[in-house]
Amino acid sequence: MLENPWIAALMALFLWWFSTGAILFVVRRADGDGPDGHVWASLLSMPVLFAGVVGLMMSLETAGAPGAWIGFVSALAIWGWIELSFLSGLVTGPRRAPCPAEASGWTRFSSAVGTILYHELLLLVALVALWGISQGAETQVAFWTFAVLFFARISAKLNLYLGVPRVNLEFIPGPLAHLPSYFRIRKINWLFPISITALSFATACWLERLVVTGEVGFSLLAALTALATLEHWLMVLPLPDAKLWRWMLPQPKPNTTTAD
């Protein structure tokens, strides 16, 4: 069963939905727990990070489908904890203020980078570390999983900065309430078609490798990259994607600003 590519693709879809929902749930709960809620949320979830690191090391020496599955889930765990630390406001950037109304050009760009700089550097360090320890390993699915998430995130953030027709602000947590001021609502920007093309090409490459080798790791990576492509399209298409997780989240605390 673990080697069935269809099951792998469906499981990747479920893990994407579940892990996203779990992070949003923890962050929403922390929003209502006072100033220290987000700190405790990140600290108490550190076993997930440790489990991800242990699983990553195991996957490097585990061949076949088991190694691919362990590596995939471990990379999601590591990525998920880093994302939680960002959404909790613990690892963001030196700037925590809204974008100045008159800012444009380099001033606006540097201000936007300042809001997420530390977090992006942490992700980059993690990516380089995964690349280093994966060299010559039996299974490298963990590295490629993290790489797909990393480059898809960079692409998504740049598209939000440049402007897209649809921006969902419903799940923005309190510590990041200033971030939407750096987003733009506008017609499709010049980067969007490049992002879609690159992600679609990457998906096709994983599928080609899957057809040639039959290795389940390529099915997991293809599904994840396809989901990243879908997430980009959701910045354009008027689909109610928030409903996927809204039902499972606690009600926000009073005065929390949300928008569809």
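Glycine residues also receive a Cβ, built from the backbone N, Cα and C atoms like all the rest.
Automated prediction, rather than curation, is the source of TrEMBL annotations.
What TrEMBL says about this protein:
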{"type": "TRANSMEM", "residues": "6-27", "note": "transmembrane segment"}
{"type": "TRANSMEM", "residues": "39-60", "note": "transmembrane segment"}
{"type": "TRANSMEM", "residues": "66-91", "note": "transmembrane segment"}
{"type": "TRANSMEM", "residues": "112-133", "note": "transmembrane segment"}
{"type": "TRANSMEM", "residues": "139-156", "note": "transmembrane segment"}
{"type": "TRANSMEM", "residues": "190-212", "note": "transmembrane segment"}
{"type": "TRANSMEM", "residues": "218-239", "note": "transmembrane segment"}
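Of the two recorded stretches, the transmembrane segment (218-239) lies close to the transmembrane segment (6-27), with three or more CB pairs under 8 Å once pairs fewer than 6 apart in sequence are set aside. Looking at which of 39-60, 66-91, 112-133, 190-212 has the most CB pairs under 8 Å to the transmembrane segment (6-27), the answer is the stretch 66-91.
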